[in-house]
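Notes follow once the structure below has been shown.
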């Protein structure tokens, strides 16, 4: 069978092939893992968390991967779906990260670094997803950007959210270095370790991001109504904000000796290990619930329009693996705060795009001060909304 024919009919074989590979993986690796968990010499009899947590992970991952494949098959609106796909990857990343933490807590700090950076990237993609919806799906909302006060509000919301995309990776990197130097002090609220300071900074940054995300929704509620945003906002907040809050609460319980009395733990090392495993165990369960919620909140069904030309498998894969968009926005983000701090721009007429556009385009300006490009939304390129 020619390779060209196989590639042309990728929509036919993608789902069964991926599911078959997943089933084979389960058959090969799950029975030995279960055997190791219950026989003598395996996991401790009073520590079934890796087995139970793994069961929820095995259920959660295919739900999210299936929905991701559905979006790739019905890839009709790239300007929305490429961000949805990246949001949907959050559940598999969180679930596998939590399960690895249960299996081997010593590698937790390493896998947590990737998860925390991706967490910030998810918030960024959700913001761009909302902005693209306003631009392409609700043409009436474009009139709001003619209002100077509304433009300034949206711009502030964008940069209030983007700051978390800077702070979170930076604090994660600092935590990683401090861990290697032995001064991180995970779960310790002491002045001579880095943990409490990083927790405070992350907490403030995340609160600011969520505040501006809620403010953005409130300012554009009527225009966002067709996309049914309540469920989407709840999914993002529940996974990111409440998981972080849950971690803080568990750490406080461990620090106040509540966990030690419940689990009959004596040493500080044992208490720290229990708190870390408890957080990961709860995440494994919560990711199954999140996978179900994401399937309905970020469903592919609105994009199954046969009258719209769907993109190829290559287009979907390239968009899923493309991280260049955030680079352009972060560059603009630093420029925004630079101008806010009084740094003079080389160009006094410099503009600030609300939607990053990685492609080089000719920007046309109309009398209202609203910038647009002559580009079809079905091209898959993000058309910039520019504030002057």
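Cβ coordinates come from backbone N, Cα and C, glycine included.
Nobody curates TrEMBL annotations by hand; they come from automatic prediction.
These come from TrEMBL:
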- 356-388: region 'Disordered' (REGION)
- 12-31: transmembrane segment (TRANSMEM)
- 51-72: transmembrane segment (TRANSMEM)
- 84-102: transmembrane segment (TRANSMEM)
- 194-214: transmembrane segment (TRANSMEM)
- 234-254: transmembrane segment (TRANSMEM)
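Counted over residue pairs 6 or more apart, the CB atoms of the transmembrane segment (84-102) and the transmembrane segment (234-254) come under 8 Å in at least three pairs, which marks the two as touching. Using a cut-off of 8 Å between Cβ atoms, the transmembrane segment (194-214) and the transmembrane segment (51-72) share fewer than three residue pairs, counting only pairs 6 or more apart in sequence. Outside the transmembrane segment (12-31), and at least 6 residues removed from its termini, the chain residues within Cβ reach (under 8 Å) are 6, 58, 61-62, 65-66, 69, 72-73, 313.
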